[in-house]
Amino acid sequence: MVGEEKMSLRNRLSKSRENPEEDEDQRNPAKESLETPSNGRIDIKQLIAKKIKLTAEAEELKPFFMKEVGSHFDDFVTNLIEKSASLDNGGCALTTFSVLEGEKNNHRAKDLRAPPEQGKIFIARRSLLDELLEVDHIRTIYHMFIALLILFILSTLVVDYIDEGRLVLEFSLLSYAFGKFPTVVWTWWIMFLSTFSVPYFLFQHWATGYSKSSHPLIRSLFHGFLFMIFQIGVLGFGPTYVVLAYTLPPASRFIIIFEQIRFVMKAHSFVRENVPRVLNSAKEKSSTVPIPTVNQYLYFLFAPTLIYRDSYPRNPTVRWGYVAMKFAQVFGCFFYVYYIFERLCAPLFRNIKQEPFSARVLVLCVFNSILPGVLILFLTFFAFLHCWLNAFAEMLRFGDRMFYKDWWNSTSYSNYYRTWNVVVHDWLYYYAYKDFLWFFSKRFKSAAMLAVFAVSAVVHEYALAVCLSFFYPVLFVLFMFFGMAFNFIVNDSRKKPIWNVLMWTSLFLGNGVLLCFYSQEWYARQHCPLKNPTFLDYVRPRSWTCRYVF
C-alpha cells in the first residue's frame, strides 16, 4: 500500500512537470473568471454569475452531504452505545442488542428495549433537548419563547398601568393556586417516610424468612396483603382525604396527588423487581438473600426513574450551575403559565356573554383555547420532563437522562405515547403491559394494550377530579376512546410527513378541548355554587345548565 501511494505520488508529480500550464490552470480555477478585458476592467456580471453558480452547486450538494454524515454518525453512536452497554451489563446487553440486530435499517433505534425478563437497561446519556439546544437554530426557538414571555410581562404591566394608573405587581392567581403550602409540606413528609419505611420493612421481613418458612405461600400472601393495604389505604386514601378535608387550592392539590402516584409506582417497582430475586435465590438454595440496602432504596426514591435497580450509571461530578439553571427555568415556566392564564385564559372566559350552553359557544371557546392550551403543553413538558428531572438527575449524578424522545417528530400516536414520557411509559410497559401478558397469555396483546390505556386514563382522570374538585371525564373520553382509536388507526406504519401534520393538528385541537371544557366547568362552579350539594352534583356538569356571566 505504501509503495502504491509513492508511485501514484511520483506519477502525479511527473504529470505536473510535463504539463505545467494545465497544473497552473488547476491551481487557479478562478483565473478565468477574473480575467480582465482589454480595457482593464473586471466583468462584474460574469463574476456574480460565477458566484451564484457555485453557491447553487454547494446548496445542491449540501443535503446529500448532511444525509451521509448523519447516517455515518448514527451508526457510530449506535455502535458506541452497544459497546458501552456490553461492558456495563454483560450478557444482558448481548441479548438486548441481538434483538436490535434485526433493525439494521433503523439507524435511530435509541430506545434500547431489553427483553421483558431482563428489564430496562440504563445507559449514561444526555437529554435530547440538551443536545439540540447546542444548535444555533434550535436555541433561537428557545430565545423566541423567552421573548414572548417578556412581551406577556410588558403587556400585563402596560394594561395594569392604563387601567389602574399605577404598576400592579400582584400575583394573586399564583398565590391562590399554591395556598396552604405548610399542609402540603407535612403531608409530603408523611407520604415519604411511610413509603421509605413500610415497603422496605415488609420486603425485608418477608425475604429473610422465606426460605426457612414451612409455609412460604401463606407467608407471601400475608405480606402481599399487608403491602396492598399500605398501597391502597395509606398512600391511596390518606393523601386524598387530606386534600379534600383541608380544601387545598388546585396547585397544592396537584403536588400532593402527583407525589402520591409517584410513591405508589416507586413502591410497586421496588417490590416487583426484588421479589423474583428472592424466589430465585430460594430455588437455588443460596446462603445469601439478595436484599437491597437502605441507601439503595433511598436513592431510588429520589432518582428520576420509576424502575428500580441496585445501581445506575453515575456521572463523576455535579454541575451546580446546571442545576441552578434548570430550577430557574422551572420557575420561569411557572410565571409563564401564570401570564398565559392572566392574559389569554381569564379574559376569554370572563368576556363570554350571558347565554346558555350551546354548540356555538362551545366551538368558539375550543378554538380560542387552542393557543393557550398548546403553550401550556409545551411549558409543562419543558418544565417537568426536561428541567425538573434533569435538575434532580444532576444533583444525584444520575447518568441516564432519556426522560423523553423526539415525540414532536411522531407520525403515529403509538410512537407519540412511547416517546412523550419515557419515565411513565417504561413503568407501564414492564409492570402493566408485560405483566398482563405474563399472567394471562401472550396472545392477548390487544387486551393488554386496552388494560394499559384504561389504567392510564383512570389515573389521569382521578388526578384531575381531585385537583379540580369535580368529575368531568373529558380527558378520559379523549384518552380512552379517541386516543386508543388513533393508536390502532394511526399506527407505526404511517411514515409520511402528512401524518405528523395530522398528529399535531389533533394534538392542538385536543388541548383546546381540554382547556375549554375544564375552564368552563371551573368558572360555572365558582359562580353558581350550590348550598347543599349531593354526590350527583359533583359528577353532573354545572356548565351545561348554569346561566351566568364569567
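From the backbone N, Cα and C atoms, a Cβ is placed for every residue, glycine too.
Per Swiss-Prot, the feature active site maps to His460; the stated evidence is experimental evidence. The Cβ of His460 (active site) has Leu475, Phe476, Phe479 as same-chain neighbours under 8 Å, each 6 or more residues away in sequence.
The acyl-CoA binding site annotation in Swiss-Prot covers Asn415, Arg418, Asn421, His425, Tyr433, Lys445, Ser456. Following the DSSP three-state reduction, the secondary structure of Ser456 (acyl-CoA binding site) is helix. Here the Cβ of Ser456 (acyl-CoA binding site) has 18 other Cβ atoms within 10 Å, regardless of which shown protein chain they belong to.
What Swiss-Prot lists as disulfide bond is Cys528-Cys546, and the listing cites experimental evidence. Cys546 (disulfide bond): 17 other CB atoms within 10 A of its CB, across all protein chains.
For Met1, the entry in Swiss-Prot reads N-acetylmethionine, with the evidence type a large-scale study or a structure entry.
Under the heading phosphoserine, Swiss-Prot lists Ser8, citing a large-scale study or a structure entry as support.
The region 'Disordered' annotation in Swiss-Prot covers 1-39.
Marked as topological domain 'Cytoplasmic' by Swiss-Prot on the basis of a curator's inference: 1-138 (among others).
The topological domain 'Lumenal' feature in Swiss-Prot is assigned to 161-180 (among others).
The feature topological domain 'Cytoplasmic' is assigned by Swiss-Prot to 207-218 (among others). Cβ atoms under 8 Å from those of the topological domain 'Cytoplasmic' (207-218) belong to residues 274, 278-279, 281-282, 285, 289-291 of the same chain, restricted to positions at least 6 beyond its ends.
Mean predicted confidence for the topological domain 'Lumenal' (245-252): the pLDDT average there is 91. Per Swiss-Prot, the feature topological domain 'Lumenal' maps to 245-252 (among others); the stated evidence is a curator's inference.
Among the features that Swiss-Prot reports, topological domain 'Cytoplasmic' is placed at 277-319 (among others), with the record citing a curator's inference. Helix, strand and coil counts from DSSP across the topological domain 'Cytoplasmic' (277-319) read 16 helix, 1 strand, 26 coil.
Feature annotation from Swiss-Prot assigns topological domain 'Lumenal' to 353-369 (among others); the stated evidence is a curator's inference.
The topological domain 'Cytoplasmic' annotation in Swiss-Prot covers 396-443 (among others), and the record cites a curator's inference as its basis. Counted with DSSP, the topological domain 'Cytoplasmic' (396-443) comes out as 29 helix, 2 strand, 17 coil.
Residues 461, 513-514, 517-518, 521-522, 525, 538-539, 541-542 of the same chain sit 6 or more residues outside the topological domain 'Lumenal' (469-474) yet have a Cβ under 8 Å from a Cβ within it. Look at Swiss-Prot and you will find 469-474 (among others) tagged as topological domain 'Lumenal'.
Annotated topological domain 'Cytoplasmic' per Swiss-Prot: 491-496 (among others), in sequence order.
The topological domain 'Lumenal' annotation in Swiss-Prot covers 529-550 (among others).
Summarising the environment of Lys445 (acyl-CoA binding site), the number of other Cβ atoms within 10 Å of its Cβ, over all protein chains shown, is 12.
Between the binding-site residues Asn415, Asn421, the minimum number of other C-beta atoms within 10 Å of a residue's C-beta occurs at Asn421. In space, Asn421 is the closest of the binding-site residues Arg418, Asn421, Lys445 to Cys528 (disulfide bond), judged by Cα positions. Summarising the acyl-CoA site geometry, the residues cited as binding it (Asn415, Arg418, Asn421, His425, Tyr433, Lys445, Ser456) extend over a maximum Cα to Cα distance of 21 Å.
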